[in-house]
Ligand SMILES: Cc1ncc(COP(=O)(O)O)c(C=O)c1O
C-alpha cells in the first residue's frame, strides 16, 4: 500500500511536509536528512531533484540545486540514496522536480525506479494536465505512484475541481502567487483564500506550501488545511552547517515545539 | 504542383511532437487567457488597423527587398536582402513588440516584462512601452549586459529598467528564467512580451504571426521585381527563431522554397562551446515548450555559447524543431570566426554592417549550393551598431 495513503488515513491534521534539495549541502546528505527529518517528527518528506533551470523556484532553491548538481547529484545516485534511506525509515517520500527530468529518464523507467527506491508520490509543477492524462497517468496509476497538482489563488473553482479529480495524491495549495522562497506573515487575503479552498470539500488532503517558514506560519496554515509544506526556510537553515543531522532535528523541533510558537 | 504541407500549430500548441505549454499552475490563468483570446483579438479589424498603421508610420514598413549586386556577383547567384535592419530600432524584433503591446493594452495590463539577449528585443520592448506609456522591466544576462552595452544604454534612455540575470551562464536562457519568475510573482498586472518564437503556447504561434509580415511583404516584393512571388531559398539565423519564422511563414507549405535555418556553432559544433541546437540538441522541455534542447542525459540544460548574444540559446522554437525534424528546413551552423568574417565581408561588399546574429546567415552562403539563376533571400534581421566592440576587437586582431 502506498505510504501516503496510510499516512492520510491515520493523520488528518498538522501534517508537516519538509522539502529539501537532494545532494545539498553535500552529495551524501540525503539519507542523513531524511532520517533526521523523520525522527524529529516530519510526517512526509519532499525530496527535490535538483534541476538546472527550476522556473518556479526562488533563489534559495535555485542555489541549493546548483550546489547539488556541482556536488555530482544525478537521478541514478538519488535513487540509490533513497533505497538506502528506506533501510531506516518508512516515512512517505515525494519527489519534486521538473518534467524534463522524467522525460529524459523515460517516464515509465522513472516511475518504476522511483517506486522501487521507495518513493510514494510525485510533484512535477510543469507537467500539464492534458499531457498527464494522455501520456503519464496510466503509468503512475499502474505503479501506484501518487501525483500531486498545484492550485493557486488564481485557480478558478472549476479548475480546482478538475485538479481535485486528477490528483491521486494530496493537493498542493500554493499560498500566494509567487515562486518559492518568500517568507513573512500570512495575510488576511491569504487566509480568505485558504478558507475558500477549505470550504470546497475536496476529497484529497490539502497541504499549504510556499512562504511557510516558521512555527507561526505553519500553525496558521494548519488551521486551514491538513498540513503545510516548508522548503526554502529549511534549505536556509542548512547553509554552512557542520552537523547536518543536528541542524535538521533542531529545525523540525523549532517548527513543532509549542514553546517556539510565540504569540 | 506543390505539395500542400499544412504546417500549422494545433489547438494545444503543437507542431507535430513539438510545442505545448509545460508551465506551472501559477502561469495557467495568464497563458489560458492569452491562448483563448490572441487569435480573435489579433484578427479584429481594429487591431489590424492599429497594428498595420504603427508598422507603416512608426516602424517604417514595408522594409525594402534589396538586390545585393556585389554579393550576388561574388556568389554567382541572385541574392536579395530583406532589410529588417532598416526598421525603427534596427531589427525585426519590433514587429513582434508592436503586436504584443497592443495585446497587453487590450488585456488591461499595466506592467511589461521582457527578456533579452542581444538587447534588440529589450530595446524594441522599451520602445513600445514608451510609445504607449507603460512600465517596462527587461531581464538581461550579466554577460550580455557587458557585451551589448549600447543596447543597455538605449533601454535606459527609453525609460526601461534593466535587471541583470545572475544565474547559469548569465545569458539569454537565464534572462528568460528570470522573466518567467517575475511573471509568476506578478500574474495580474503584468504581460510578458517574449522576444522569439519560444516559450509556452500560444507564444510561438503569436510571435510567428506578428513576424510573418516579413514574408508577406517578400511575396509582393518578389512579384514586383521578378514576376514570381517566391524565391528558391530563404536564409535566416535562428536564436529562438523569430526572424526565421517570419521570413519562412508564408512559404512553409510551399516546397519550391528551401528554408535554411542558420545556427551559431560558437567555437565549433564539437568544441563544447556551441549553440548549434539542431545538431547537439535532443527532445526536451525548455521555457515551457517541448522542443530540441541541448541537455545532459539527466535532462539538465547545457549552457550554450556563441559570440552572438542573440543566438546564444540552448533551444530553438518548436516550429523550427518541427521543420528541421521533418526535413522541411535544413540547418547550417556557423562558427564565431566565420560569422565575424562574414560581417566584415558584407560591410565591405554592400556597405551594410549586419548584426552578429545576421552575420551567421550571411556566412551560411559559403556553405550552400545554388545555381546562377537561383533567387536567394537573406533575412537581414538587424544592424550591427550594437556589435561594434566585437567588430573592433576582430579588426584589431586582423591588423595583428
Ligand atoms: C538582429 C538579430 N537577429 C536575430 C536574433 C535572434 O532572434 P530570433 O532567432 O528570434 O530571430 C536577434 C536576437 O536578439 C537579433 O537581435
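Each residue's number is its place along the chain shown, starting with 1.
Heads up, the Cβ atoms here are built off N, Cα and C, so glycines get one too.
Note that TrEMBL annotation is computational and uncurated.
On a predicted model such as this, the values are computed, not experimentally measured, just so you know.
Noted in TrEMBL for the protein shown:
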{"type": "DOMAIN", "residues": "B:60-382", "note": "domain 'Tryptophan synthase beta chain-like PALP'"}
{"type": "MOD_RES", "residues": "B:93", "note": "N6-(pyridoxal phosphate)lysine"}
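Same-chain residues at least 6 positions away in sequence with a Cβ under 8 Å from that of residue B:93 (N6-(pyridoxal phosphate)lysine) are, in sequence order, B:120, B:121, B:123, B:124, B:195, B:242, B:382.
Under the three-state DSSP scheme, the residue listed as 'N6-(pyridoxal phosphate)lysine' falls in the helix class. Computed over the domain 'Tryptophan synthase beta chain-like PALP' (B:60-382), the whole-number mean pLDDT of the model equals 97.
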